[in-house]
């Protein structure tokens, strides 16, 4: 078994060694629940990485949104370069679920746009879990949604090796059995090609980097190469490779045949139920829809909406559907990041899904079995937990009550202390805020301002810009790339102030920010709860000059609790620094994007070079632009937005050069 190897220039420091030891001891004692209560900037991710390395177990790290999941994914990829670090989030760019609105007698067909790159990562996740133990998966709430049987997926594995006695036809039959399609055109993902004694296949779990080329001689594999999926350049020889089904929804055809009579039986029962209750329209509707699906299953082994028949097709006797948790070995570790937000998400998924599908069943659009294609109920999720570490700066009641140990991680390795908090009356707040911004700008530091509404953030930004402040607003109506560009501008000192709403809470890591201003800090509500205020205060905790100003009319209970907790932590940190003669230092975080190194590696692997690309006549320019677009899509899906911006600009530059070259040829 391959061990987890943690790569880092640093050793655990501050409260990290204590936290690592206490949590590991609790886990080794067999306790199911533990909580890491770590302040912002205390290195909670590094603590998790050390626990995974020391206990040497597969791990699932769950976050509450794609952006933070991608952040964690990148960090764990850096920490564990020699191990399998995977990313499992929803693969829908757009999703309109099948639904029925009785009040309008309106049936809405399912519509979805699937993000190919995220789908690849999901397949790669289950493939890694089927092949090895040294796996870390970073996921979102998608981890509790229905998947296919892990046993069926593992049994789909087929190995190909040099010296294997096998014919081209046998290889082709295996590929088809694993849901791959043959192509006579250019090789694409999920397809294979046959040319003479050479077979090439592009596995579904590969990110477009390479395909496999199998060379045969008289029904024997003599060579296997990895080749670039785009340039077909050889990347290296290998003695063998294992291929899994192209989808994690693996359904053996015998299961389809066994399911058909069961579906027919339940159809008869449900139609009779409708007729007995005088609902002939629903009975006829259900009969027509299900009989059409049955005909498709008989003919092709597949039908539209096949997931609604997963109860029959999976062969499972469980009352719940399979999900990502079932692909893990029994001794895996679960880490719930920002648990105060993530756990309520897990708790709420089932009810919304169930009420929508119940309408479909009650009005004859689906059989009752469709209700079993669903996210897990909360108690089902809890039953699948082996051992868990809740991770949050502000853990909720559930985490505190269930955990055998709640470990504080207050001391930061950098010596940074929680920011000082000043409260000021809201009278004259605009003039006061402008004055504070000027002080920070003079020191070449940055400012975050949080408001309650989008309109307020836009109006305040306009007000500041009119005063000559370099400011931009940040809220959910900006698309992902636009939001990242705004943050990038702040970090690069091209603007000094960001005005936002809820986007300034968990996970926004900008060490240049020394002032966080909270307007309407006393207003009662989600955005000004104790937890939200503490999280917002944490945005100023990565700078040695960190300061938070709360503007208020009347100090609220949430304000008082947030201030008391922050001051408690701050005093502990100051005392520790004085005792150990530590001078706090602002975190230095590189502004440049991580694309440069990755592109250098990709240039070596896939055969293109930005500097030589125009003059290289051996390669198709269109194919090279397609490759860059592929990388751009991958960067966006990985939430590597600064990388995506560089790639986007490079595509524009390259397209422009090609256009100029074409025009010159026309002139000649």
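Keep in mind that glycine also has a Cβ here, set from the backbone N, Cα and C atoms.
Database features, via Swiss-Prot:
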BINDING   38, 39, 40, 41, 42, 43, 44, 45  ATP binding site
DOMAIN    25-170  domain 'Helicase ATP-binding'
DOMAIN    429-595  domain 'Helicase C-terminal'
DOMAIN    622-657  domain 'UVR'
MOTIF     91-114  motif 'Beta-hairpin'
Using all protein chains in view, find how many other C-beta atoms are within 10 Å of the C-beta of residue 43 (ATP binding site).
23
For the domain 'UVR' (622-657), report the average pLDDT of the model, please.
68
Among the binding-site residues 38, 41, which residue has the fewest other Cβ atoms within 10 Å of its own Cβ?
41
Counting across all protein chains shown, how many other Cβ atoms sit within 10 Å of the Cβ of residue 44 (ATP binding site)?
23
Same-chain residues at least 6 apart in sequence whose Cβ lies under 8 Å from residue 40 (ATP binding site):
393, 535, 538, 539, 541, 542
Same-chain neighbours of the ATP site, Cβ within 8 Å of the mean position of the Cβ atoms of 38, 39, 40, 41, 42, 43, 44, 45 and not counting those residues, run in sequence order as 47, 393, 409, 412
Of 42, 45, the binding-site residues given in the record, which has the fewest other CB atoms within 10 A of its CB?
45
Three states by DSSP: which one describes residue 45 (ATP binding site)?
helix
Going by DSSP, is residue 38 (ATP binding site) sitting in a helix, a strand, or coil?
strand
When secondary structure is assigned with DSSP, how many helix, strand and coil residues does the domain 'Helicase ATP-binding' (25-170) contain?
62 helix, 40 strand, 44 coil
